[in-house]
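A short worksheet on the structure shown next.
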Amino acid sequence: MVVLTLTAAVPQLRPPVAEQSGQPLGPSGAHLAILFLSLGLLVLGAGGVRPCSLPFGVDQFDRSTEQGRRGLNSFFNWYYSISTAATVVAMTAVVYIQDSVSWPLGFGIPTALMLLAIILFFAGIRLYVFVPPDGSVFSGVLQALVAAFRKRKLRLPAPNDAAMETAFSIRCDRLVLLCRFLNKAAIVCEGDMKEDGRSADPWKLCSVQQIEEVKCLMRIAPIWASGIICFVALTQQWTLAALQSMKMDRHLGPSFQIPPGSLGTICLMAIVLFIPLYDQILVPMATSITGVEGGITLLQRQGAGMAIAIMSMVVAGLVEKKRRDSALAHGGADGTSPLSAMWLAPQLCLMGVAEAFNAVGQVEFYNRQFPEHMQTLAGSLFHCSLAGASYLSSFLIAFVRKSTGGPGGASWLDDDINVGRVDYYYYLIAALGVGNLLYFMVCAHLYRYKGTPELEDVCKDIKAVF
């Protein structure tokens with residue numbers, strides 16, 4: 001942030017301006033190198049903070065006590081709510097300062113806040129609970145896969161008692177994604193163990209815990225994939241709502257106009273307002289009815305978010321149909337609808353509520369279901385969902401533009417939004433969401449939470465076998 005601020009504050013770090021026309025002459029290689037350096041440092045910094053801040057916060061709660069478990073349930077909600085509130089401030093107040101006051105000041109404020117955050121973080125260093133690192137995140141996974149592959153020709157011991165039967169069955173009728181051959185990585189062959197009972201080569205003999213961790217990742221992967229489709233709806237709302245508002249009446253009062261890019265803050269504000277309501281009112285009510293800690297299960301929370309996201313897309317399609325008809329009636333293809341841009345608020349609010357359900361549900365699900373020493377990977381997986389949704393959105397836009405724009409005809413996503421049929425595109429995303437929700441329901445039905453009695457018994461049986 002310091003380097004980025006300097007690129008705006010120091011004249012020598014900005015492209016020169018032509019004396020006669022007053023237009024910038026374009027950046028030199030050195031200018032671009034410094035700018036890219038600042039962005040690269042931002043990427044490295046975010047890569048360190050974002051995956052680690054949440055699991056580090058989780059470590060501060062004692063999950064063996066009822067108070068710690070209750071606090072942890074609220075922690076995920078408040079973490080996401082406060083992060084979203086910070087995003088709202090960044091997209092409104094900070095952007096206004098950058099556009100209307102000063103770019104150096106607009107960059108300097110978040111730089112100073114980042115410095116303050118570092119000071120506050122280290123001020124509490126004596127109060128934190130530190131969980132020591134436990135080796136590489138991926139080495140255990142790779143070792144289990146390699147060991148199982150090396151022993152792929154071996155046969156698993158025949159189940160000669162009930163415990164053995166349970167251990168090797170592991171409910172394969174439902175957990176169909178688990179590869180039974182991974183159990184072979186724990187078969188002890190001659191020379192696999194040292195005299196003290198430890199594995200002589202971890203790439204040939206693995207612990208039961210390692211095998212179960214790999215299976216845990218395999219169970220989570222289908223759930224994670226379903227979250228990408230859900231975020232496609234969120235990604236499209238931000239972009240298309242801004243384009244829609246440019247062909248609508250954006251006035252609030254006689255003189256103020258809503259900037260098109262600021263409409264997304266409606267979605268963020270819905271998140272900020274709904275999450276505390278959900279945490280303080282809806283969760284206790286649901287808990288008293290269902291008896292489930294947190295009101296509903298984590299997978300139910302994600303599914304509710306997907307269903308609401310579908311509703312948001314349907315509402316968006318209906319509003320766009322009304323906006324397009326109104327715009328064509330007031331000037332044709334170049335017309336602007338007299339409808340207020342606040343007509344877009346319901347779909348954005350629904351999308352905010354959907355994100356509050358699904359995104360927070362995903363974050364909590366990954367942090368609770370991942371193995372203990374993979375918590376940072378759990379935090380990264382959520383951001384991978386967002387990135388995957390962005391890539392999928394780009395592919396979907398390109399596909400729709402190419403497949404719906406026939407010879408001489410306009411595609412659904414024509415550059416002129418009045419000529420295109422964005423409402424059809426919204427319905428397409430809603431249809432994809434329906435298919436994704438059905439897929440998610442199947443995956444959720446097959447999934448077994450970490451720590452459930454059934455899986456705990458299975459793990460005990462496997463340990464007894466080996």
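Keep in mind that glycine also has a Cβ here, set from the backbone N, Cα and C atoms.
Sequence-remote contacts of a segment are chain residues at least 6 beyond its ends whose Cβ falls under 8 Å from one of its Cβ atoms, and for the transmembrane segment (30-49) they are 1, 3-4, 6-7, 13-15. What TrEMBL records for 30-49 (among others) is transmembrane segment.
Residues or ranges marked as transmembrane segment in TrEMBL: 78-97 (among others).
For the transmembrane segment (109-129), same-chain residues at least 6 beyond its ends with a Cβ under 8 Å from one of its own Cβ atoms are 1-2, 4-5, 56, 59-60, 90, 94, 97. As annotated by TrEMBL, transmembrane segment applies to 109-129 (among others).
Taken from TrEMBL, the feature transmembrane segment applies to 220-238 (among others).
What TrEMBL records for 258-278 (among others) is transmembrane segment.
Sequence-remote contacts of a segment are chain residues at least 6 beyond its ends whose Cβ falls under 8 Å from one of its Cβ atoms, and for the transmembrane segment (381-400) they are 50-51, 220, 224, 227-232, 234-236, 359, 362-363, 366, 411-413, 425, 428-429. Taken from TrEMBL, the feature transmembrane segment covers 381-400 (among others).
For 424-447 (among others), the entry in TrEMBL reads transmembrane segment.
For the transmembrane segment (78-97), the residues of the chain that approach it from at least six positions outside its boundaries are 54, 57, 105-106, 109-110, 261-262, 264-265, 268-269, 271-272, 275-276, 279, 356, 359-360, 363, judged by C-beta separation under 8 angstroms.
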